[in-house]
């Protein structure tokens, strides 16, 4: 049998299933997803408005927080409109190139978010361990340089995933993606070719980013807590510890959900597909939803300005 009889040559359109096994209730699943998305958009937009309008918040920590908010908005917006189109309006088709673009956006913004979390950990490390030198070290020029490096790292690391799919694969077993959005491995599994190179590069990017970033963040906070517990005043210890709690909550929810989604996609063959797809979708929506709530509740300056804004 020839390859043309069992495969599709360079499909122009792909079909996203949504959540396999839950197609009959997807319209109801879309309601909480939409609510989470709207809250994420409102919360992060409010955060950006406050940080931009208040001159006292033009400090490295809040600039990084603004970058995190902008990344969260872009990440959630890159998947949610299409997902709701599948859930509510039964529009599962997506152009092949649009699917690749969505994949690149999703993974690029994920890597950017991880890089911003590293930058925030570095800022807290310098602020707590070397408070007198913080202003001279973390200048606005350094913040811009860090932000640029974070974005470039993400774009450069994720771009080969797109190129490898576009240039290596011409024949596909199917045009149906059993997912609610265009994820790297979900697209690679469609190919009727040797996908080992794509899998290895995907693992390389995941472990390079998560391995370096998580190690750096962990070491930074170990040093921070050593310094905090050495502070003589109990009030100073409490203040420094309280400042770090919000960051630790954000780090934990981002990386725990990321690792769960990553490992279940590759090694969780015994896990029902709908559970994996649900958690993968939640993983991309929960950080944008929780980040403004966590920082709004735990950061005094932002909380004060939010109250002022609504009172006025």
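Including glycine, each Cβ sits where the backbone N, Cα and C put it.
It should be emphasised that the depicted structure is a prediction, and the values quoted were computed from it without experimental measurement.
Among the features that TrEMBL reports, transmembrane segment is placed at 28-49 (among others). Within the chain, the transmembrane segment (28-49) has long-range Cβ neighbours (under 8 A, six or more residues past its boundaries) at 19, 22, 65-66, 69-70, 72-73, 76-77, 80, 83-84, 87-88, 278, 281, 285-286, 288-289, 291-293, 295-296, 302, 306, 309.
Marked as domain 'G-protein coupled receptors family 1 profile' by TrEMBL: 43-295.
Residues or ranges marked as transmembrane segment in TrEMBL: 61-80 (among others). Tertiary proximity for the transmembrane segment (61-80) is limited to same-chain residues at least six positions away from its ends with a CB under 8 Å from its CB atoms, namely 33-34, 37, 40-41, 44-45, 47-48, 51-52, 102, 105-106, 109-110, 112-113, 116-117, 119-120, 123-124, 127, 140, 143, 147, 150, 180-181, 281, 284-285, 287-288, 291-292, 295, 299, 301-302.
TrEMBL lists 100-122 (among others) with the feature transmembrane segment.
Here TrEMBL flags 142-165 (among others) as transmembrane segment. Sequence-distant neighbours of the transmembrane segment (142-165) (same chain, 6+ residues past either end, Cβ-Cβ under 8 Å): 60, 63-64, 67, 100, 103-104, 107-112, 115-116, 118-119, 122, 184, 187-188, 191, 197-198, 201-202, 205, 208-209.
Taken from TrEMBL, the feature transmembrane segment covers 200-228 (among others).
Residues annotated as transmembrane segment in TrEMBL: 240-262 (among others).
Here TrEMBL flags 274-295 (among others) as transmembrane segment. Within its own chain, the transmembrane segment (274-295) has Cβ neighbours under 8 Å at 18-22, 29, 33, 36-37, 39-40, 43-44, 46-47, 65, 68-69, 72-73, 75-76, 79-80, 83, 106, 110, 113, 178-181, 183, 246, 249-250, 253-254, 257-258, 260-261, 264-265, 268, 302, counting only residues six or more beyond its boundaries.
Within its own chain, the transmembrane segment (200-228) has Cβ neighbours under 8 Å at 107, 111, 114-115, 117-118, 121-122, 124-125, 128-129, 157-158, 160-161, 164, 184-185, 188, 237, 240-241, 244, 248, 251, 255, 258-259, 262, counting only residues six or more beyond its boundaries.
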